[in-house]
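Residues or ranges marked as domain 'ABC transmembrane type-1' by TrEMBL: A:98-304. Residues annotated as transmembrane segment in TrEMBL: A:39-60, A:97-121, A:133-154, A:182-202, A:223-248, A:283-304.
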Amino acid sequence: MSSETSGVGVGADDAEMKRGPLGRWVDKAIKNPDRVYRAMFYVATVFFLVTTLFPFYWLLVLALTPNRLITNMGLLPKGFQPEVFITMFERVPFHLFMFNSFVLGISTTVIVLLIASLAGYVFGRLRFPGKSILMLGILAISYFPPAAFLIPLFELFTGNTALSIGAVTISSPDLFNTPAPMVLPFSALFLPLSIFILTTFYGQIPDGLEDAARVEGTTRLGALFRVIVPLSAPGVATAGVLTFIAVYNEFFFSFLMNNGEASSWAPIVAGILKYQGQFDTPFNLMAAASIVGVLPVAVLVIIAQERIVSGLTAGALKE
Amino acid sequence: MGDVKLEHVSKHYDDVTAVDDMNLEINDGEFICLVGPSGCGKSTTMEMIAGLTIPSEGKVFIGDREVTNLPPKDRGVAMVFQNIALFPHMDVYDNISFGLRLRNYDKEEIDRRVERASEIVQLGGMLERMPDEMSGGQRQRVAIARAIVRNPDVFLMDEPLANLDAKLRVHMRTELQRLHKELDTTIVYVTHDQAEAMTMSDRIAVIDSGQLQQIDPPLVCYNEPANLFVAGFIGSPSMNFLDGEITENGFVSTNIDVEFDPANVGVEVGRDVTMGIRPEDVYLVQNERQVANPTHRIEATTDVLEPMGDEIFVYLKLAEEAHADLEEASVAANDQLLMSVSPDSDIEEDRDVEVVLDRTRVHLFDTETGIALSHGIESTIQASGPADAEAESDD
């Protein structure tokens, strides 16, 4: 009690002062700083969870509310209409758009991983003059705004560009409404990141393992795909998942390089926009389609995260 | 089949020459050690045999094929690495059978061979283990099994025992020798440990700064080293070296004189030479009778004793000999001599003793070039009598 009368609380830890719940909490936190860190962790986690998950909740609210009631929305759905998840497939063949997205995503990922593996091997494991400049150049590509390429690429992929060699004139093929005009720019734009990731991973594999594989009977390429890539599985998975998600989310080329029909390899972007008619905008259907579209990626991330975290321990090596 | 030949092979990296005009012939079935200090080019030499490094100049032959530019997989070699280099994502069976599977052997043949290889290296019952579940010695055995399973023409071993503890290393050393007896395949073995090289190999190739210094059976390298480097590198502890000069009376230095007739040994008078004598060829005077052809007595003071159990190493400080004819007091480091004596010797620190050298084991090297001039100076028995007396009267 003496400390209360003197007005000096700090340091007089035997004193029992009259404090509110916050004052007691602070007092305990000073004695046990772990409490503060834990509290900060919870605050940060809750903040991130709210900012990332609230949009999904909002989508769900919109999807479940019948379209005619979507005005002045609150935090709760103004109705309950789960049939929307069936209607959305009846109105538009959304599964076909999703299939297109998958094909685009997977083929881009395969191309990117193949080329980035070769590049990553070269940058990570070989020594040659001009390496860092070349690497910088590749990274610089990823800073280019895709819009800068749009017009020339559009001209090229629609067959409006011709190359004359002497008397022979070769016109570029018309690839509009095929996967190529999307997959090619995607691959080019997303390669630098994957090259960068794989370079770091491949560079860490000890030379001895590659030498051993080569003496045992592989070529350099064989050693890359039989030893270096499997041992860099976390890196390859990371690069692959990031590429797939980036393609799946891509809007610009996905929207412009086709006529928006499922038969023309248009991805989910076109699918969602397709619900919009001339006279109505069914927000509930679009929200439902968005949720369905997000699900595969969410599942992929959960699976891949396991893979990335588990990794492979390189225990058989004494360095 | 398994003979290896290097012809004028060199390897340059930017401004560094790792291997300089190496000529090496290894016979089929031979166990040869490439030995030298770290950075001497022995590993580069082996990598060029394996094909992991392409030589800048020269040719490499395995058997009767030139393999200089062939990739490692087409050379018929197998290699055991210093860091063991098992594939961490494969179990023991997959590691051993890796090369066979690449060559599309059928399943039964692979099983049979893996079985046999794992028997040879005593790995029975461990085929399903992952490398990180095994001890260092077991991993090393898997690496050896992976090498022998393909029946290669040549085994290359790059310091395979360097990462094992001392006891296991000695054990694996005998296992490797047994393996060599059993398989009778050429083995090229790189090591920086001269004891390993001495005990295991048929011949030793001593390499220094990218150049082959000597290639001979271990005892020849020990007893008749071709130059100062080999003399100093082979043998532990190292040979004693004393810088001096040849006069009409023999070898003269600030601390030790050895009398002989230079003409008989074939060394011209006035040449700067380095005398080499191994610690076990220095004897206490009371043991002089063990030496058939001793030098005159040399006065010294014992400095530090190192009892090893089976012998005692004695560091001797030599008394300075007065020489009017030796102009420059050549080298200050000349005043120490290492001697090994039997453990029952009556010897203590800081005592004045007299020692003799075994004349047949005295080596003379040209100080400038390091090339050996003579091994043993016994040919002066008759002349030594009066010369001895003269030297003693000088003192």
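Every residue, even glycine, has its Cβ placed from backbone N, Cα and C.
Nobody curates TrEMBL annotations by hand; they come from automatic prediction.
It is A:97-121 that, among the stretches A:39-60, A:97-121, A:133-154, A:283-304, forms the most Cβ pairs under 8 Å with the transmembrane segment (A:223-248). Looking at A:39-60, A:133-154, A:182-202, A:283-304, the range that has the most CB pairs within less than 8 A of the transmembrane segment (A:97-121) turns out to be A:182-202. Packing against the transmembrane segment (A:133-154) from elsewhere in the chain are residues 119, 123, 161, 181, 185, 188-193, 195-196, 199, 252-253, 256-257: each is 6 or more residues past its ends and has a CB under 8 Å from a CB in it. Sequence-remote contacts of a segment are chain residues at least 6 beyond its ends whose Cβ falls under 8 Å from one of its Cβ atoms, and for the transmembrane segment (A:283-304) they are 56, 59-60, 62-67, 70, 81, 84-85, 87-88, 91-92, 94, 98, 101-102, 237-238, 240-241, 244-245, 248, 268, 271-272, 275-276.
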